């Protein structure tokens, strides 16, 4: 924008003098000073920018000089002869003070439109080029026009009211749409000042006009941006309110809380009313660590995100609600940075895990009770079962037992053995769940002997089935728990016998792989369903198919626990053509259990 303070017109001074004829030019000086103040204030308040220091200094110097020299000299000169005025002008040419011609040149280059009107009507008696330019008119064409001729029709109705306002006070300002020569419109800020003579009589009015198109555009853009920001904020709030997690946003570095969603209100037990800072929010709540230790203010997730830029994920802690209840939460916090990497905000998300924690605790207690109950019952069943088995064995070894009774006692003995196996499995299961795993006691031994013994026992129990055992070349010595591995081979073999056709063979194979020994147990028949395979080693699960011998479904679970106790692993594959193969990989020496 052009500098309004560096250009003041001699022409305007001349016209003011014509309107303010009199023996004393001081009223004109006072009027011009008011015009100077009006123009400067108008420029500062309405243009949206301040003058440069050098420009403002020039403006004041110019106006002061006009007041004391040019304007007063001009007014006095108009009251004497034209010759005297020329002599006065010539006398100033050799001085350091600027003369009327100098001020006329300034007025011609003034960037603010100025028009002088009579005291009663709005006819323009003098205008500067800036007023003509902003209206797209030649300068000479404006003289004699009325001010309303420069105003758009839709704004003319208010002009009489504005002009009347000038009569009751020193000045009046307003905004209106002005009209260019080509018919286009532009917003203008108009400041009208009354011009009075020495007696206080109004002898004219001066209108200063500023084109505020740029300011209007800037204001429109500002309003558009504000509306966009508000719309984005509304959308963000709507999205956050749909989230199941509580969300808290605070600005940096003050910590002033900006936003909290509905889930946050539910978690904390009261409506979200943004306090002045995180510290104030801390004062209204108590936060504890997962082990119930009171957290200081600087340990809160939001405080760490704002102060140190720390990012945390799913950190457990507790919050005491106003009603005295405690909420168990998982909190994630992170800073929000600008393009330069500076922290401008912090965000915390909170997930309520109170019910989940309560359910987990209930389930844990129920499982612990069940496992302890099984352990107690299994242990207490062994004593009467041992008495039954010993009595049955004694009767079977006697000669006085009739054949019919012998068959009955044999069934009792077999049922006792089966019950003993189930009790043993229950105890192993309990040990694995309560005691940190099934205990393994390693001693040096040959794995071939263990497998051979298990196969022999299975053949004795299943005389009608075909079982084969083969070991490849190599060494099969290592540190093993022979009794537990015997249990592994027996359980895998028994499982294969139960879930395979009666006329199909069961194959046991040992292979030396150096640091490991591999045991494979193969059977043909219907493959294990794919959806069962991932859960095959879970407790109380069976492999599918018909199992005429029943059982608890703990055999494969115990097999996996024993193998893990040896630091090994077990795999299974089951296909229609190949059949089912359980593959056990065992390290030779002592090692940590597989995870």
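FYI, residue positions are counted from 1 along the chain as it appears here.
Using N, Cα and C of the backbone, Cβ positions are placed for all residues, glycine too.
Sequence annotations record features per position, and here TrEMBL assigns domain 'PAC' to 172-224, 313-365. Feature annotation from TrEMBL assigns domain 'Histidine kinase' to 376-590.
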Secondary structure tally of the domain 'PAC' (313-365) (DSSP, helix then strand then coil):
12 helix, 30 strand, 11 coil
Considering every residue in the domain 'Histidine kinase' (376-590), what is the mean pLDDT value?
85
For a three-state summary based on DSSP, what are the helix, strand and coil counts in the domain 'PAC' (172-224)?
12 helix, 30 strand, 11 coil
